[in-house]
Amino acid sequence: MKRAVVVFSGGQDSTTCLVQALQQYDEVHCVTFDYGQRHRAEIDVARELALKLGARARKVLDVTLLNELAVSSLTRDSIPVPDYEPEADGIPNTFVPGRNILFLTLAAIYAYQVKAEAVITGVCETDFSGYPDCRDEFVKALNHAVSLGMAKDIRFETPLMWIDKAETWALADYYGKLDLVRNETLTCYNGIKGDGCGHCAACNLRANGLNHYLADKPTVMAAMKQKTGLR
């Protein structure tokens with residue numbers, strides 16, 4: 001039996017990854033992280049979506065220690081979420097240092113326990129938000145270290161790594177879940193479901209990608225299929 005663990009926030013990217021994983025694996029487990037995030041409404045959204053879509057298990061892990069260590073506008077109410085990013089040094093204040101290091105490592109431990117062969121994450125370098133822990137070289141390096149440390153070949157999969165936001169919408173549409181992803185996910189840094197606040201960088205990226213896709217569906221769908229190998 002093929003099993004996978006999806007790092008699942010209930011946002012556009014991870015929901016699209018979950019939709020695809022459910023088509024490719026016999027058993028899919030979701031793991032969601034509570035790190036005291038500003039937009040912690042995503043935890044309830046993730047629970048609801050994982051249940052609705054049919055994930056085998058829906059685990060929420062308490063990693064609020066990260067909140068104490070990582071200072072970010074997503075972990076501190078006193079730091080405002082900016083409308084546009086990145087900042088002058090290239091790293092936006094929404095970056096949570098160490099977040100994906102922790103999430104992927106814990107997801108791999110969970111995968112080890114449930115005998116899953118893959119950990120799936122929705123990080124992406126094409127519409128790169130300036131987060132160093134979304135880069136392909138980082139994911140590959142951590143994957144190698146984790147596999148060595150557990151003496152087990154757990155594969156980190158990044159199905160969105162080389163497609164842009166418009167193509168991510170196309171991928172959701174390919175699986176017949178465009179409306180679900182648009183209306184029922186939570187991507188907004190300010191914790192607003194669906195189309196979100198319309199001002200933060202996450203909402204900007206999401207809306208621009210959707211508008212691009214809706215304006216030229218055939219071209220974007222063809223590009224997505226070419227990059228992902230789907231037919």
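Just so it is clear, glycine is given a Cβ too, placed from its N, Cα and C backbone atoms.
As written in Swiss-Prot, here are the features:
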type    : residues                                            : note
BINDING : F8, S9, G10, G11, Q12, D13, S14, T15, T16, C17, L18 : ATP binding site
BINDING : C188, C197, C200, C203                              : Zn(2+) binding site
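Overlay of Swiss-Prot feature records on the structure.
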{"residue": "F8", "record": "ATP binding site", "Cβ within 10 Å": "33"}
{"residue": "G10", "record": "ATP binding site", "Cβ within 10 Å": "25"}
{"residue": "Q12", "record": "ATP binding site", "Cβ within 10 Å": "25"}
{"residue": "S14", "record": "ATP binding site", "Cβ within 10 Å": "27"}
{"residue": "T16", "record": "ATP binding site", "Cβ within 10 Å": "27"}
{"residue": "L18", "record": "ATP binding site", "Cβ within 10 Å": "25"}
{"residue": "C188", "record": "Zn(2+) binding site", "Cβ within 10 Å": "23"}
{"residue": "C197", "record": "Zn(2+) binding site", "Cβ within 10 Å": "15"}
{"residue": "C200", "record": "Zn(2+) binding site", "Cβ within 10 Å": "23"}
{"residue": "C203", "record": "Zn(2+) binding site", "Cβ within 10 Å": "19"}
Top Cα neighbour of F8 (ATP binding site) in the set of binding-site residues C197, C200, C203: C203
C203 (Zn(2+) binding site) and Q12 (ATP binding site), distance between Cα atoms, whole Å: 10
Cα separation, C197 (Zn(2+) binding site) to G10 (ATP binding site) (Å, whole number): 16
Cα distance (Å, whole number) from T16 (ATP binding site) to C188 (Zn(2+) binding site): 16
Distance [Cα-Cα, Å, rounded] between C203 (Zn(2+) binding site) and S14 (ATP binding site): 15
Output field, ATP shell: CB within 8 Å of site CB centroid, site F8, S9, G10, G11, Q12, D13, S14, T15, T16, C17, L18 dropped: V6, A46, L49, G122, T185
Distance from C200 (Zn(2+) binding site) back to T16 (ATP binding site), taken between C-alpha atoms, in Å: 21
